[in-house]
Structures are given as C-alpha cells and as structure tokens.
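> First, the structure itself, so that you have it in front of you.
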Amino acid sequence: MSFIEYSETIKEGDTAIVFLGHESMFPVKVQQGGKTQTKYGVIRHSTDLIGKQYGSKVTCSKGGWVYILHPTPELWTVNLPHRTQILYSTDISLITMMLELKPGCVVCESGTGSGSLSHAIIRTISPTGHLYTVEFHQQRAEKAIEEFREHRVDHLVTVKNQDVCKTGFGVTGVADAVFLDIPSPWEAIGHAKSALKREGGRICSFSPCIEQVQRTCLALEEHDFTEINTLEILLRVYNVRTISLQIPDLGKAAGDNSSADLDAGSQSNQDASCTNLHQGAVQFKSGVPLREMVAHTGYLTFATKCLF
Amino acid sequence: MAESPTSGPLNVIREGDCAVLKRDEVFKAVSVLKRRKIIFEKQWFYLDNAIGHIYGTTFEVTSGGSLQPKKRVEEATAETKEAGTDNRNIVDDGKSQKLTHDDIKALKDKGIKGQEIVQQLIENSATFRDKTEFAQDKYIKKKKKKYEAVITIIKPSTRILSTMYYAREPGKINHLRYDTLAQMLTWGNVHAGNKMIIMETCAGLVLGAAMERMGGYGSIIQMYPGGGVVRAATNCFGFPESFFQKLYEFPLSKVGSLLSGTFSFEASSSETEGSTPLADEDDRSLDEKQLSVQEADTECGTEIPMESCQPEEQEMADLPSDGEALGNDKTKTTVRMHDKQRKQEERRKKLTEAAALLKDKDADGLIVASRFHPAPLLLSLLEFVAPSRPFVVYCQYKEPLLECYTKLREKGGVVNLKLSETWLRNYQILPDRSHPKLTMSGGGGYLLTGITVINENLKTDDCSEQKTEEPASKKRKLQDP
C-alpha cells in the first residue's frame, strides 16, 4: 500500500481504513499481532487483515462486520488526526484543477497543517513531481514528516519548519504552483513569486475572511500577477429517501372517480420515480438536502504569474 | 536556478501546436497554423507572428491582422485627478460624450491604438470629472475592453478547456461545470499509474482531463456508444503522441457479450461484416445523423480545432465501415488495401487488448459522464472495477442518480455512496467594494460517488435484502405525517 499506488492485499505496516458504515470509519496501522477495538468487537490484524484483499468484509469478534478499504487522499482527509483546521475535498478539487496540477509539477505549500491538502497534491504530482511544504509549527512539521513516511510518499515531499512570511519556501524559480493557507498571505506573495518558475505559474491563496482576500489581491496586483480571480465553492449533499405523501380526501362528487385517475396516472409513471399508490398515499424517491450544511470554508483566490 | 531543461523550449509557440486564445474571460481553442485567418471576439488576425514567442505573451492586433507582442506599460493612473463625490449631478442625456461614432471610427481607421482612443474618450467626456473615483475606474475598464484589441496566447489545460466549453458550448459537454469536473477527478482518485474506465459523451473533455492527470502513466479504456469515439476536446489539449499509446477504446455494444463471456473479436467482426449488414447500416446512419446535428450547433468557439482535428476524427468514425468497404469495392488499389488491412489489423489488436484489460476486472476506477441514463452503464461497468476503488457518475439531472443509488444499494458491492452537487460563486474583490458577482451558474450537474467492495451478496447467490435501503428510524419519521 501507498497513497500513490493501489495494491491488492493488506500488508504489515499499511494504513488501512476500517469502514463501519454511514460515513463512520477510522484509520488503522496494520501490525503483526495488533488488535483494534470496534463497536462490533475486536479485529485481529494477523488473522483478520494481513493477506486479505482490500475491499474485504471482515467479521469482528462480536459478529458484526466492517469493510477494510485501501487508503486514498480523500479517505485520509476525513480520517486524519486534526492538528489544525483542514481543507476538505471539495475545496481541494478546485485548488488542484485551478492550479493546473498534474504528474511532474513542482508545488510549494504553506502551511502544512494536518497534511490534508499535502496528500492530495502528492497524489496528483507523482511519480515525477515534488512538493515543498513549509510549516512554522515544529511539532506539526515533524508529525507530517512521520505521516508521509508511513504513507510511503516521503520521496515526493520536503517538509521545512520555517515561517514562509519571513524566509519563504527555501527554493527559487522551480515551482509550477504555490498554495498559501496562512493568516497573512499578503506577506508571502513576494516569496511565492520568487519560488515560481521564471516563465510563470499559478498561485492560490485560501482565506476565510474577505478582509484577508482584499489585502492579498492588492499584494498580487503589486507583484504583477494577472488573472486574479476569487471564488467560493460549497458542497450540497443530498440524502436519498423514500418519501410518502398522503392524498387528501376532498370528498367525492357522485359518479366521479378522481382517485382512480390519479392511481392510473401514477402507475404508468412508475418507472420514473417508483411511484406507488397504496391506501391514499404516494411514494417517491427524493434527494433531500441536509438540515444544516457547511456554508463557508474560505475564499479561494487564484492568479497567474505573468511572464513579463 | 534548478529549472528543468525542457521547460524552456516547451513553452515556445510552435507551428502546429494546440493553443488557446484569451481575451479577458473569453477563450477559444485554435491550432497554430500559418496563413490562416482567425476570427475571435469580432477581431480577425493571423497567428503567423506569434510563432516563436513564449506562451503567456499578450499581443495587440494591428492593421492587416498581424499580431504584435504588447509590452506591459505602466499606466499613468498614479496622478490623482479630479473626481466627484456622488452621482447627484450626472444626468443621462446622451450628450456627455462629444466624440461621435464616426469620429471614433476615423480614429480607428487612422490606426490609432486602443489606449489612445480611450484617452480621447475620457478627454471628450463632459461628465468624467464629476464621476466618483470608483465610477471612473469602471468607465476606463469598460472602454478599454471595447477598444483595446489585445489577446493572450496560452497553453491548453483542463482548467482552460473546461471553462471554455462550459461558457461557449455547454450542450456539448452535458452542462458539466468545471468545478464539477474537478470534483470528479478528485473523487475518482485519478492519478498516474491508474487503470481507468471512462464512459463519457462530453466531446472527450472528461477523457482529456483524466489523461492530463495521469500524465501518460497507466492506461485508460474509453467506452463509446455508436460508431466511434468522439475526441474533439481531447485533441485540443495537445497531448504528446505517447499519451495515446495506452489509451484503448471499447464499444458499449460489446459490453454485454464481454460480461457473459461470449465475446470474441472474430464474432464481432463477422457481425459487422456480413451477418447483419442492414441493421448495422441503420445504426451507423443514425449515429452519423446525431453527429451531424451536434456539429451543426458548433459555434466558432471550437470550430477551428474541430476542423484541424477532423482528419483523425473522421478516420476513427469511419473505421467500423472499413470492413464493408473492403469487401464491396474491389476497384481500390492494392496499396490502399494494404494500408486498410494494416489499420484494421492494428484496430483488431487494440480492441483485443482493451477486451483483455476489461476482462481482468481489476480497473482502479470508473467515471461515467454521458447523455445516457447512467443506471445501466453504472451497473454493468462496475463489474470491471476492482474492490476498494472509487467510482464517480455525473448526470445533469438528479433523478437518474436517485435510481442509481437505489439499484446499487439493492445489488450491494458498494459503500460510501454520496449524492451531491457543488455551488460556485465568483467575487469582485476591490478595496471597499468586495461582493459576490451579480450572476452565478444555477447548476453544474450532480454526482454520485462511492467505493466498490467485494460483493458477498453475489458470491453466495443470495440477493435478499440484507441491508435496508436507508435507516429504518428515519424512514418511519419521514413517512409519518
């Protein structure tokens, strides 16, 4: 297993995802002789995991079962230990596309934080690209290094413990893209510009507050960045539900058979939304929005380093 | 500086390149060809002079339609000018601009540059001084856009091409918005080394995006309906030849026989050649009709690349009929025969390889984005995907995905199903004037994502409902009035 290459079977040292159902899951380090407690009972690594195929159903000691999934950056994002606020896959997707990341790209990132975006970047730029990630918090930087090693992607990433606003990324003229998620991104625009390749590249800054965005945009303009564009993306999730609505009784006019008409109409319509009429109710499938959703993560500001 | 040695020459605009023209937010994909007139944003010009310059260069269109690289000029906006405090004294009487249409046309005809025209417009505007500073900014920006004929030539990418298609020809890509495409690439974990199955009818845009993300590492099997693959958008990316070596195609019409184990290339070729020529003929003409209808609504946007890519396109679409033509028409020269035979042999080899790749049933991911109902596609194509791999289905509408969700839950073999859409909003960011843009896209389509697992339901041949479709308690709650 590695975060950049699928493998068929679970091996010692892998980070596997234990899936309990309904978005409930957690990561596990697979170790010979290791044991993991779940609400369905114990999983014994040597007998239940090692040598089994990823995607297998594993029965726990109390008889309940779980699925063991191969890790991906997206599963890691919802399973990683939080050391900071993290970026989620919705924003990450847009960042990846708008920064034009692909295999072979050199990327600079700050801060590393909990490594959610870092894993996604590494996946996309492998096998020939490189990520330089800068984190001013020493413990976070060390923890990130450890995780990259465990996930077998450490050859694609350099972690530096320094302040990007003061000392930059430690590289010049090599990056195809720069990503900033720091409290005062405008202080790092100059460093970002010098990290980017001479012929140009893309930059993205993530900020929760509009005041930060305003200052960042001014700094980008001062440094002659072009195509400055700020956007916001939100995820709307729908629960698939079978809904049943009662047909109101409006009374019957003599000789009228309106409920039968409705019945016939919905029968012919059955394929579309599995409409069923039984005892004065209509059933249908619907995508129901969540009662509450994430309404704001941050503004994403993109720009291009201009050639001239 | 540790620049890669290839980065320099790769960034020079060369004859024959696939490039994108950009003016403000408007894009157009073109082939860089000499002595070819290009019409873009009501301007016509030739790209001859751009050859040899670096991608990202901005050009000015000068008389005779030739391009001149534009130097970045520091504009004299530093000097503070008079400005009004509000618009109480500004009346729209149509008399504030002293220059007439004819005056402006005369200036243009004299070859006066756009920047100077804008300056003259300002000087001849009676109300400009009374406008607020913000309004002056806006005025200058608006006039610049109108009179400065500048275009930038950039390299194509998923970002550029998906934005371009969504803005100009959304019908060709099933209204797949670029941020939705971005989600698909991420949720599909598309990366170097993957073996992907892609079924799309988005002019090859989704395929191109996946190819860019895989960078020539790994393999892609493109499933196609009808007579052949459509790759108009794929060809706009300007991928190197090597990217196409591990790109396979497989007809949807053979998926059934492949799954039931009755597929063989011999059978399929005899089918197209002899046994049911009539039905085949019908099929093809239908497809062609559809294709021509699609082509008819082409705007100038991708006209040029489509044109330039035509030979290849046509070749692909024609291939299935090669067999027939070969049999019927014996007047063809032997050289031609030879060529066709060789091509057919190659095609046969690649189809066999594609079939073998699918039959392994170990694909690393599946992406569906088509004009067809996704349920039958999803249910059969998932058979070819290994366990613990992601899949993504795009549909312009929500309802077919509800059906996919229900059917997958019944069948089993998938977890973490999620139905979603994204909402994208652009902002104007200016000091003290930041707010969301006036309009936004109403919808960018829906996605159903999930992860495959080993289906024990199927193994034990026990398809009885082990899992309830949805949490029982919630179901009850919703049903209760």
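Here the Cβ of each residue, glycine as well, is placed from N, Cα and C on the backbone.
Below are the features listed in TrEMBL for this protein:
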type	residues	note
BINDING	A:Ser114, A:Gly115, A:Ser116, A:Leu117, A:Glu135, A:Asp181	S-adenosyl-L-methionine binding site
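Describe the structural context of these features.
Neighbour list (A:Asp181 (S-adenosyl-L-methionine binding site), Cβ cut-off 8 Å, at least 6 residues apart, same chain): A:Leu87, A:Glu109, A:Ser110, A:Gly111, A:Gly113, A:Leu117, A:Ser205, A:Phe206, A:Gly298. According to DSSP, A:Asp181 (S-adenosyl-L-methionine binding site) is assigned to coil rather than to any helix or strand.
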> Taking the center of the Cβ atoms of A:Ser114, A:Gly115, A:Ser116, A:Leu117, A:Glu135, A:Asp181 at the recorded S-adenosyl-L-methionine site, which other residues in this chain have a Cβ no more than 8 Å from that point?
A:Thr84, A:Ile86, A:Leu87, A:Glu109, A:Gly111, A:Thr112, A:Gly113, A:Ser118, A:Thr133, A:Ala144
> Based on the record's binding annotation for S-adenosyl-L-methionine (A:Ser114, A:Gly115, A:Ser116, A:Leu117, A:Glu135, A:Asp181), what whole-number value in Å is the widest Cα to Cα distance?
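Result: 13 Å between the two most distant Cα atoms.
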> Please report the number of other Cβ atoms within 10 Å of the Cβ of A:Leu117 (S-adenosyl-L-methionine binding site).
28
> Report the same-chain neighbours of A:Ser116 (S-adenosyl-L-methionine binding site): residues 6+ apart in sequence with Cβ closer than 8 Å to its Cβ, ordered by sequence.
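Same-chain residues close to A:Ser116 (S-adenosyl-L-methionine binding site) (Cβ under 8 Å, separated by 6 or more) are A:Pro73, A:Trp76, A:Thr77, A:Leu80, A:Ile86, A:Leu87, A:Tyr88, A:Ile92.
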> Counting other Cβ atoms within 10 Å of each Cβ, which of the binding-site residues A:Ser114, A:Gly115, A:Glu135 scores lowest?
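Ranked by other Cβ atoms within 10 Å, the binding-site residues A:Ser114, A:Gly115, A:Glu135 bottom out at A:Ser114.
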